[in-house]
Amino acid sequence: MGRHTLKTNIASLKGDILVPGDKSISHRSVMFGAVAEGVTTVTGFLMGDDCLSTVSCFRQLGVEIEHKDDQMVIHGKGWDGLKEPKDVLNVGNSGTTIRLLMGILAGRPFHANLIGDESIGRRPMTRVTKPLASMGAKIDGRQQGEYTPLSIRGGGISGINYHAPVASAQVKSSILLAGLQADGLTTVVEPEKSRDHTERMIRKFGGTVEEDGLSVSVRGGQTLKGTNVKVPGDISSAAFFLVAGAIVPNSCITLKNVGLNPTRTGIIDVMMEMGADITIDVTDEDHFEPVGDITIKTSQLKGTTIGGELIPRLIDELPIIALLATQAEGETIIRDAHELKVKETNRIDTVVHELSTLSAEIKATDDGMIIHGKSKLTGGVVSSHGDHRIGMMLAVAALICNEGVSLEQKEAISVSYPQFFADLEKLM
Ligand code: S3P
């Protein structure tokens with residue numbers, strides 16, 4: 001723990017970064033590999049704490065997972081090969097692990113208990129426990145299944161037609177994973193389109209999924225087959241360098257191997273709209289997940305309004321976009337982003353509080369925030385509040401601060417980007 005002194009007043013950032021593996025895709029590669037038949041080899045797997053929580057949960061469910069060089073090798077035994085865990089499954093800080101795992105366990109005829117850290121204990125779970133219970137899984141948890149610890153006894157489930165109240169890939173994926181094991185057809189209809197990595201994974205592992213606008217359907221009783229997965233770099237990790245390159249003077253950064261799935265590229269659209277000097281070189285238009293290199297140079301920025309269907313396409317990037325907006329001329333409004341309140345922290349509160357400490361002009365609204373730029377950022381003692389994306393956003397903010405900045409709870413960053421500080425220093 002303790003305080004970590006951040007580098008401030010940086011003159012320029014220059015160079016290339018090979019962006020670490022996508023967190024959403026890394027989780028899914030292990031989960032699908034575990035329930036598929038035969039071996040799955042994953043390259044580019046993100047060795048962050050969250051994805052390692054997924055690996056340890058599946059090991060407890062009897063799946064052999066090896067770590068060889070830069071590969072994860074998963075010895076899948078099919079849905080029926082999963083075993084009742086002898087002990088509690090601990091998901092750590094990972095919302096994706098617990099919500100998707102609940103979907104898998106909903107179809108398994110055994111009992112499991114799930115817990116996580118203190119942040120997980122505050123995050124809403126009825127968004128998955130209710131629809132999974134309506135499919136026939138027996139689930140309980142604190143406050144009628146809203147909070148961990150959760151217990152589940154799955155098996156004998158039937159398909160549902162579910163209209164999700166929020167655009168959430170975790171909710172959609174959880175129900176689809178249950179649906180693959182259920183009797184009949186399962187359909188999820190979302191209010192806006194969320195990331196589609198699960199749909200792509202189902203196809204990659206030989207399964208079938210139908211998409212029609214905002215509706216996604218799977219038939220039950222599908223057997224999946226092990227495959228090789230190449231995980232692209234995480235655009236949500238690249239985002240910290242996209243913003244750093246835009247706001248630090250005299251900068252030019254190329255981010256290599258970034259996943260460019262259109263359900264994730266909202267940050268690029270917003271940065272371009274704000275006037276950022278970005279160029280994209282698509283290197284792989286692969287049908288699984290598109291990939292490319294992105295170059296960002298120091299940019300003159302103007303404020304914008306961000307809301308509606310754009311929100312799910314950049315939900316995890318809103319903390320770093322808030323920082324970007326402090327360096328844009330005029331007002332930036334972020335709206336329709338209530339979901340920020342139920343992330344690893346309440347990200348409306350943590351972003352507004354921490355950026356205000358650094359003298360930004362930012363205020364919270366009920367569904368987002370309003371930022372006035374351009375501000376000179378000063379310095380002070382800030383905290384990640386145990387939230388990896390808040391910690392990295394603050395480290396990027398410090399680069400343009402003209403006084404000292406120290407960061408509390410820096411270690412949270414290893415959830416999604418263990419080598420973040422080493423990569424940042426390479427550019428200085
Ligand atoms: C994720 C979906 C998003 C995102 C999270 C990862 C996923 O959450 O914020 O970091 O891998 O499905 P929601 O689905 O709850 O919006």
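Cβ coordinates are placed from backbone N, Cα and C, and glycine is handled just like the others.
For the 3-phosphoshikimate site, TrEMBL lists K23, S24, R28, S168, Q170, D316; matching the candidates K193, K297, K341, K343 against that entry yields K343. Only S168, Q170, D316, of the recorded positions R28, S168, Q170, D316, place a Cβ under 6 Å from an atom of ligand 1. Take the CB of R389 (phosphoenolpyruvate binding site) and look out to 10 A: across all protein chains shown you find 28 other CB atoms. The Cβ of Q170 (phosphoenolpyruvate binding site) has 23 neighbouring Cβ atoms from other residues within 10 Å, across all protein chains displayed. If you take the CA of R123 (phosphoenolpyruvate binding site) and look 10 A around it, you hit none of the recorded positions from S24, S168, D316.
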